[in-house]
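If you look up Swiss-Prot, you'll see S273, S274, G275, K276, S277, S278, G292, K439, D441, S468 marked as GTP binding site, on the strength of similarity to another entry. What Swiss-Prot lists as Mg(2+) binding site is S277, T297, D370. Residues annotated as disulfide bond in Swiss-Prot: C802-C811. The region 'Disordered' annotation in Swiss-Prot covers 167-198. Look at Swiss-Prot and you will find 270-277 tagged as region 'G1 motif', backed by sequence analysis. Look at Swiss-Prot and you will find 370-373 tagged as region 'G3 motif', backed by sequence analysis.
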Amino acid sequence: MGISWFLSRFRIRTVAPSSFLKPRGLVYRPSQIRRRVSLLSLSGFHPYRAYSILGPKTPTAFNSANTVRFFSFSSISRLVFRSLRLPVAGFSLVAGGAAYIGAQVQRASDYTKDIFDKTFGILDSTWEKTRETVASVTNVQLPEISMPLWLEKILRLDEESAERRRVLQAERAKEHRSNSNDKQKSSDNDEDPNDTTVGIGAALAASILSVDSVDGEDTLTADEKRKLAQESKEDRMMLFTKKMIEIRNILQDIQDNNSAVTLPSIVVIGSQSSGKSSVLEAIVGHEFLPKGSNMVTRRPIELTLVHSADTAIPYGEFSGVQLGKITDFSKIQHILTDLNMAVPSSQGVDDNPIRLTIYASHIPNLSLIDLPGYIQIHSEDQPADLDMKISKLCEKYIREPNIILAVCAADVDLANSAALRASRRVDPLGLRTIGVVTKMDLVPPSKAISILHNNNYPLHYGYIGVISRIVPTGRFSAGQNLTDLVSTQENSYFSTHQQFADARIGNYLGIQSLRKCLINVLEYTMSKNLQHTADSIRTELEECNYQYKVQYNDRVLTADSYIAEGLDIFKAAFKEFTQKFGKSEVRDLLKSSLNEKVMDLLAERYWTDDDISNWSKHTNALDEHWKYKLDSCVSTLTRMGLGRVSTLLVTDSISKCIDEITKASPFADHPAAMQYIMNAAQDILRRRFHATSEQVENCVKPYKYDVEVNDDEWKSSRGQAEKLLQRELGLCQSALEKIKNAVGSRRMNQVLQYLEEQKTSSEPLPASYSTALLEQGRMLQYLKMREDILKLRISVLKSRACKHKEAKYTCPEIFLNAVSDKLVNTAVLFINIELLSEFYYQFPRELDQRLIHSLSSEQLNAFVNENPRLKSQLQLQHKRQCLELALQKINSLVILEQQADSD
């Protein structure tokens, strides 16, 4: 705009001479022209020079004037400058446009990266919450999601580059604002158009150079570079420690005592009342450890601290205890106390650890193990060797590669510290030991400083002095962070004593220094053992794969698949049972039961009658006595409650068959599964029992009043009655032979003769035989009488007197058998519909519901563990899966460490 304005002004001034020299067509003399031109020259304007450059306004402007062109060497520089002014301005505009386009492209790229980063962060957090919810409800582990590697490389979404981009963007914005201010000042101060044009080009060139320089790291100062490197290192350390703790938790799930893979942890040891619990609680920021006058820490507490920036409310979770997320740390303290006090005082300590994981945004990623404190004297209710048990338990945990955190009280001589003596036995050089001196405010500052100087009992990581006394609960609310309160108290104490102002011991004072030291030492130890741990996991995995291939032929098995396979086998056997147990089998079952009932009625009401022999011989005689006997037998048979009797008989038979099928199935090794199956069968049978028995009773109700038998039924029943009597006769003869063989025929004859004499004698005979022998003789007499009656009745049934149905009173055996047939046939029809069909349909589905859909993961694991062979297979398979996952994670960490070292 400034150039256009200048050119327009220049054109107007070039037109002025011609209009001045020749207004309204008049012609001036040369003297007049020279006089007017000289006046214009004094004002700084040269009309002839302008005319010579741009030409006259009109072709006849100077036709009548004798003009003289003035030329000097000073006009050469101005001519060159004016000829280069337009190209320079165009180049400046092009450069400025290119710089503007580049800046807009960079802004679009950064905006796209931020959008991708935020979007993936939201998706990642949402999916993580979904995984936790599904895992807590169904115990199903959903897969993790991660951004593809190629997209990470494109977007540069790793931790270090993201931080570097944020710093560079801030520097770019700052310089852009400063450049804008400088350019605005220069445009306001410059009046000359030439200087304005040059200033625009210089500003555009400077903006191009500034954009190029901002993209590199050369614009950062040395302090900013160190700060950026330190922040990147801390982020990398935090990420590395968190991943290693995840690997440690994975390896802990293996539960194999023979595993040689161990990851470093910080083991806290010290004497009772040395302040171990206070130090741990100050690190965590909450009171959660058990406290008491007696020894309350009786089991190792494996404490895992997880830094979770998204966690607004800290919470804890116990491994192996289904308590969920616990946000009340007093409840955590109560649970820890109960778990520790579950160990009886007579036992002292138990090496079964308590695993607790705490998630919070203000805690570092650490793996700590709190052990029972060393004691000097045991109480009466404690074992005499309690001190030895505690020492052995501590030595088990303070072995390599664990880090030893030896807690000592400042008011106790270090020479008497049990923690330092124990650490010297396994770490003579003190390379893995960190000394923590508690109660620094109870000793003079000079003595405290002498301890921290690390001269008498040197340790590689030195001693860190803390106070860490728990502030009384009444002075702060439960929501306050204990770490901040302890740090404030420590800073107040150390700042009031000038002896602690020495810069050499400044990094060895306070709980914050201890936290930093623990983070650095744990990260260094884990990093140092990273390759060794990866090799150990790889070796363990190879051995596990070999054992799994040899023992189980690489056959993958899960609790769900095992139960499904077992159910398939059971259902196949059950289907075979349904084909073998139908109406005909139920009919035979009921018929057999009613036959026994008929035999009992005949034996009770006919065969014990003294007149049975005469009645059998005179079959044509009809006597009301015998008619009443038959009617009473029929009434008893029809009113016996056939519905319940038959239904109960069938349900018992089904239950027995189901029990036999279960014992022959893969569930025979699982008592709980057998109980599930039997309960399912009994529940269905119980639900159908009432309806079935009612239907059967209603259908046999007409037979309670009248029973009609046709000729075919009589004929069929006659043959069946003969068979029943023949079977009964065979049983009777078998019993006779058994008694004779047991006693002897000769002696039995003597006993029978003695019984006959005793029966006919008016006076009691001397006891020549034992009571048991006499009982055998009386049984033999009864069986002989029964044998004679059965033979007599069989002969009657075979005679012509029992040929027709009108002889039902003469041949009650045939008629009662016909009645039982009618009852059985009627009952079978409704039992088949109401009981068998429903049971065969519902039972397999009930098994699926109870054994597949209703069991939790814990119940499935408990169910599978009942089979020793299956338990060992699943444990080996779980170990292989955990090792594969751990190896995958640790290999990625190895690659990241190598890249970090190369950078």
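Each position is counted from 1, following the chain as shown.
Any Cβ shown, glycine's included, is placed from N, Cα and C.
Over the region 'G3 motif' (370-373), the average per-residue pLDDT in this prediction is 93. Residues near G275 (GTP binding site) in space but far in sequence (CB under 8 A, at least 6 apart, same chain), listed by position: V407, A409, T438, K439, S468. Within 10 Å of S277 (GTP binding site), judged by CA to CA distance, lie the following recorded positions from the set D370, C802, C811: D370.
Within 10 Å of the C-beta atom of S273 (GTP binding site) sit 12 other C-beta atoms, taking all shown protein chains into account. Within the same chain, residues at least six positions away from G292 (GTP binding site) with a Cβ under 8 Å of its Cβ are T337. Spatially, by CA atoms, the recorded positions S273, C802, C811 include one closest to D370 (Mg(2+) binding site), and that is S273. Among the binding-site residues listed (S273, T297, D441), T297 has its Cα nearest to the Cα of C811 (disulfide bond). Cβ-based neighbour count (10 Å, all protein chains) for D441 (GTP binding site) stands at 18.
It is 26 Å from the Cα atom of T297 (Mg(2+) binding site) to that of D441 (GTP binding site). For the region 'G1 motif' (270-277), the number of residues in each DSSP class (helix H, G, I; strand E, B; coil) is 2 helix, 2 strand, 4 coil. The secondary structure of T297 (Mg(2+) binding site), as reduced to three states from DSSP, is coil rather than helix or strand.
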